[in-house]
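Heads up: the structure comes next, in structure tokens.
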Amino acid sequence: MKVILNEDVKHLGEEGDIKDVAKGYARNYLFPRNLAVPCNSFTLAHFESRKEEIEQRKAVKRQNAAGLKEQLEALTLTIVMPAGPNGKLYGAVTNQTISDELQKLGFEIERKRIELPGLTFKSVGHYNASLKLYEAAVAVLPIVVEAQPEAEKTSEAKPEKRSRRRQEGADAEPKTEAAEDSQAETAQEEAKAEEPAETQE
């Protein structure tokens, strides 16, 4: 059935838009919340009288989208992820990843509005993402995917542990030789003590 939206409805449309929706969706969700009204001659006349007011609000949205586009395109978003020596990521950068990173910087962009070439980024490198802001306003966001430095530090730390163990083993060897020399001297002294004394004629 056709309805006219009373206000902006996420993933559906804006105030004043005429939309064709399922009857159940209209009756169970849109109408009870006053988000839309049935499209008929009376409601059409009502929204026609509000047309100028609605258009003014849309003009403000266009202006805000233009400002947001400027801010986003002046930004380079850096994403750091674990990667192998060949630059392949242990995982992937998705539109949700980018949405989360932008949120940390104060930008609220839904993941569904973010389009990536190939859907995901799977290697380190430089990329561009398209962000649909409002109507025809689309921002092109530069993205740099870098390898996580911690992975290199961890791999370099392992040989150090092995060398320490070897050093500890080397330090223990002289102690063993000294103990053996001490035992040999003790045995010689005991053997001399057991020799029979010479008798005088």
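The backbone N, Cα and C atoms fix where each Cβ goes, and this holds for glycine too.
Automated prediction, rather than curation, is the source of TrEMBL annotations.
The coiled coil feature in TrEMBL is assigned to 44-71.
TrEMBL lists 150-178 with the feature compositional bias 'Basic and acidic residues'.
Sequence annotations record features per position, and here TrEMBL assigns domain 'Ribosomal protein L9' to 13-40. Assigned with DSSP, the residues of the domain 'Ribosomal protein L9' (13-40) fall into helix, strand and coil as follows: 8 helix, 7 strand, 13 coil.
Feature annotation from TrEMBL assigns region 'Disordered' to 149-201.
Outside the coiled coil (44-71) by six or more residues, the chain places 4, 14-16, 107, 133-135, 137-139 with a CB less than 8 A from a CB of the stretch.
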